[in-house]
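Annotated features in Swiss-Prot:
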- 1-254: domain 'Deacetylase sirtuin-type' (DOMAIN)
- Ala28, Thr32, Phe39, Arg40, Gln105, Ile107, Asp108, His123, Thr197, Ser198, Asn222: NAD(+) binding site (BINDING)
- Phe39, Ile107, Asp108: nicotinamide binding site (BINDING)
- His123: active site, proton acceptor (ACT_SITE)
- Cys131, Cys134, Cys156, Cys159: Zn(2+) binding site (BINDING)
Amino acid sequence: MDISYHEKISKTYELIKKSTYSVAFTGAGISTESGIPDFRSPNGLWQRFRIVTYQEFIIDRKARNEFWKMKRELIQEIINAKPNNAHNALAELEKRGLLKYVITQNIDGLHQMAGNKSVIELHGNQRGYICLDCEKVYPLEEVLKMLKEQELDLRCEVCGGIIKPTIVFFGEPMPEKELLMAQQIANKCDIMFVIGTSLQVEPAASIPRIAYQNGAKLIFINKVQTEWDWIAEIIFYDSAGKVLKDILDVIKSEKF
């Protein structure tokens, strides 16, 4: 028999009280409440745009045009987005010493904006851009200017090389340092909140499994089911902002 929502909140609070090393693993679903679309939902990015792989981006000008067209449409949504209740709750948990790390697949920077200091970005971020030839770094502001003034194939002003955002494309290796750190944290944690992710993108999706295999209690917060729900100790099929705020409210009321 399923336990009630309030019983789940209470059980989560009891787990947090006993925890010495809790972490959060987040995906696109945590940021939808901030107005940033996710990938796989009926209104997600892959319903609106084709996936451009890393190999396509490198060799195919038409694919780069498609990517930058998508980026030009979406970048303002990301820039205008503000942290929501879920981001703010995770930042408050860290501030109280109840959360060691946030491991995120997101590129929006909202965890840092909310106040989290210990954030591992598995898929990079949208703040930086780099020439693939001479490695000149371009800030976001300069890229925005280029997108307004140039055709949709951004080139380095120094050497003419292809400019690429510092995000991880499909088919591109994940940054080794960040992946190794995430794996080490997953090995050590005793609680992992798994929030807003379908757990379909490898190797990032392996992180919660590593935590589970090493004895951690997993708390899933998703609006939909995933194929890995069976490894969770507690599952909330609800808004991340609502659930995390309610958990935080209990912590505050208990003065923990």
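Heads up, residue numbers simply count up from 1 along the chain you see.
Backbone N, Cα and C atoms are what each Cβ position is placed from, and that goes for glycine too.
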Remaining residues near the recorded Zn(2+) site, that is with C-beta within 8 Å of the centroid of the site residues Cys131, Cys134, Cys156, Cys159: Leu132, Asp133, Glu135, Lys136, Glu157, Val158, Gly160, Gly161, Ile163
Among Ala28, Gln105, Asp108, His123, which are recorded as recorded positions, the nearest neighbour of Cys159 (Zn(2+) binding site) by Cα: His123
Model confidence over the domain 'Deacetylase sirtuin-type' (1-254) (mean pLDDT, whole number): 92
Residue pair Cys156 (Zn(2+) binding site), Ile107 (nicotinamide binding site) - Cα distance, angstrom, rounded: 23
Rounded Cα separation (Å) that holds between Thr197 (NAD(+) binding site) and Cys131 (Zn(2+) binding site): 31
Integer Å distance between the CA atoms belonging to Cys134 (Zn(2+) binding site) and Ala28 (NAD(+) binding site): 32
Cβ packing number for the residue listed as 'active site, proton acceptor', 10 Å threshold: 20
Euclidean distance between Cα atoms of Ile107 (nicotinamide binding site) and Asn222 (NAD(+) binding site), Å: 19
Rounded Cα separation (Å) that holds between Ile107 (nicotinamide binding site) and Cys131 (Zn(2+) binding site): 19
Among Gln105, Asp108, His123, which are recorded as recorded positions, the nearest neighbour of Cys131 (Zn(2+) binding site) by Cα: His123
